[in-house]
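Annotation source TrEMBL lists domain 'Major facilitator superfamily (MFS) profile' at 34-395. Residues annotated as transmembrane segment in TrEMBL: 75-101, 122-141, 147-170, 182-203, 215-237, 285-310, 349-368, 374-394.
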Amino acid sequence: MSSKTASEKGSSVSLEDFNTPEDKQLLRKIDLRLIPILTLLYLLSFLDRTNIGNAKIVGLTTDLNVSSHEYNSALALYFVAYVIFEVPANVYHVIPILPALPASYELTALSFHSLKRFDPQIWLPTLTLFWGIVSICQGLLTNKAGLFGIRFLLGVAEAGLFPGVIYVFSVYYRRHERSWRVAIFFGGAALAGAFGGILAYAIGRMDGIGGRTGWEWIFILEGILTVFIASLAYFVVPTWSHKAKFLTPSEKERLFKRLNADSDAALIEKFEWVYVRQALTDHLVWGYALLFHGFAFVLYSLSLFLPTIIADLGFKSWQAQLLSIPPNSLAAVSIWTTVWISSKVNLRAPFIIGAAAVAIVGYIVLLTTRTPGAQYVGVHLAAAGVYTGNALLLR
């Protein structure tokens with residue numbers, strides 16, 4: 001760890017002073033409260049946005065008379081809504097919240113600008129409840145118009161979760177401490193694919209029960225699961241750090257000092273349009289945006305079409321559901337392993353390039369070989385590279 005001080009934040013405290021055994025114990029306590037439930041919510045989010053791929057290969061497009069182009073349009077509508085509502089979901093309710101705490105907490109440089117008018121303990125589970133209900137409604141569709149509308153609504157419902165969680169991380173962790181946590185959190189996306197494959201296989205066997213098809217039950221039961229977890233999340237999702245009941249007063253004081261010395265969450269910055277203009281004219285911002293767009297584009301193409309890709313290798317639909325589990329499981333392991341190593345050596349670029357290379361090789365194998373076994377290996381490589389590259393870019 002570098003001995004560089006946080007003078008740029010107005011503090012003369014060395015960063016090493018915040019890596020004591022007490023600090024490590026505090027981080028473990030925060031990790032146990034934040035990481036499991038927030039990762040679970042993101043897993044459900046990714047599950048409910050991508051399970052349409054599982055539903056497709058068991059009759060969704062046939063029953064609703066949806067062509068391939070119309071199916072692609074339905075998928076695109078989700079992202080249109082997501083892009084439109086992501087920023088309003090986290091800016092519209094911005095208000096300053098300064099806790100009435102003892103002066104010894106040294107909060108003069110701290111800013112608790114809520115990403116919501118609501119407490120995250122209320123807002124994040126409410127978002128989850130909303131999209132869970134929308135997911136259930138996907139299982140009640142009777143025509144393609146309904147599919148278009150419900151996918152747009154799902155994008156609206158899910159838009160606020162990811163950026164909201166990242167902001168919550170920022171009021172608990174210093175910047176360099178967030179990378180590994182964000183990677184674990186993002187690993188929920190890969191786990192969703194594996195978990196979704198298992199569920200789709202089991203639920204698909206309910207075809208005909210209650211007069212409903214297998215794909216309808218996939219949406220309904222997975223949506224009910226989300227609603228159930230959302231109901232429990234109201235009691236588990238953490239609130240803002242200055243109101244966190246799971247932290248003692250001394251732990252809060254230590255947390256605020258850590259943020260004040262290092263984290264950009266601790267800075268009070270008045271909003272000015274000049275900062276927006278600076279961001280929009282910064283070539284590095286655009287370069288990063290293009291790089292992330294490239295990885296994200298491939299990520300969602302793969303996650304939404306993976307069951308179809310595997311089925312097209314010659315496997316039956318139920319086999320494709322099960323065979324989607326190993327690539328996603330490998331992707332989750334790859335994310336956590338690679339990001340951990342990256343954080344240890346404090347390098348990202350070589351690992352991002354490496355992840356891209358693995359994904360490219362995977363797609364080449366998938367497209368150029370002619371045997372299902374070899375193509376399935378290509379699927380594994382593509383999944384590992386694409387998911388890992390996205391996780392590294394989010395560090």
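Including glycine, each Cβ sits where the backbone N, Cα and C put it.
TrEMBL: automatically predicted annotations, no manual curation.
Of the ranges 122-141, 147-170, 215-237, 349-368, 374-394, the one with the most Cβ pairs under 8 Å to the transmembrane segment (182-203) is 374-394. Long-range neighbours of the transmembrane segment (374-394) within the same chain, counting only residues 6 or more positions beyond its ends whose Cβ lies under 8 Å from a Cβ of the stretch, are 182-183, 186-187, 189-190, 193, 288, 291-292, 295-296, 298-299, 302, 306, 309-310, 313, 323, 326-328, 330-332, 334-335, 338-339, 342, 348, 351-352, 355-367. This prediction places the mean pLDDT of the domain 'Major facilitator superfamily (MFS) profile' (34-395) at 88.
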